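Feature annotations, courtesy of Swiss-Prot:
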type	residues	note
TRANSMEM	1-21	transmembrane segment
TRANSMEM	40-60	transmembrane segment
TRANSMEM	64-84	transmembrane segment
TRANSMEM	105-127	transmembrane segment
TRANSMEM	131-153	transmembrane segment
TRANSMEM	166-186	transmembrane segment
Amino acid sequence: MLIQILLIGVSVSMDTFAVSIGKGLTVKKLRGLDALKTALWFGGFQALFPLLGYFAASTFSKYVTAVDHWIIFGLLALIGGNMVREAFEEDEENAKETPEFDWKHMLPLAVACSIDAVAVGVSFAFMTLNIWLSVVIIGITTGLFSAAGLYIGRVFGSRWQKPAQIAGGVVLILIGLKVLFEHLGFLG
């Protein structure tokens, strides 16, 4: 289960990784403090939003346990498919983005990149896992990937943005399929 949570953490961090690469492309001089701010904003929100989804879904879990595997699969497949689709769309908003790292620039980005994580939290409510460990792993993973994304964007340009987003989406879809197939008895 720990590997599965780590894979989910890596997958949901791909949006922030891609945005961080975009920010890295626009920065003339990247400071360590900028990377730390980015890691804290993105990691914090990616940890908070699944927690919100988890507690909201836990309240209603007794009403949906008969179809929980379909909910998990549907949400993860939807998020993953959306990530793959977005990788192939032209993202003019990120191209115009300023390299600022203050709250006025980071808050909207952190919220926008973390909205999908609410659905991940909803799916967590139907899994047997430690929610606190899960959100800590997601937050740390996202923080590391977003800080790395800044540096990669600064050094290598936009070459890895699309493949990272596609990989993250595919992993989420595969985890959703795994949960579904386990429940249906296809996997032991």
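Here the Cβ of each residue, glycine as well, is placed from N, Cα and C on the backbone.
Keep in mind that this is a model prediction, so the values were computed, not measured.
In summary, the transmembrane segment (166-186) lies against the transmembrane segment (64-84): three or more C-beta pairs, each 6 or more positions apart in sequence, are under 8 Å. Counting same-chain residues at least six beyond the ends of the transmembrane segment (64-84), those with a Cβ under 8 angstroms from any Cβ of the stretch are 11-12, 14-15, 116, 119-120, 122-123, 126-127, 165-166, 168-177, 179-180, 182-184.
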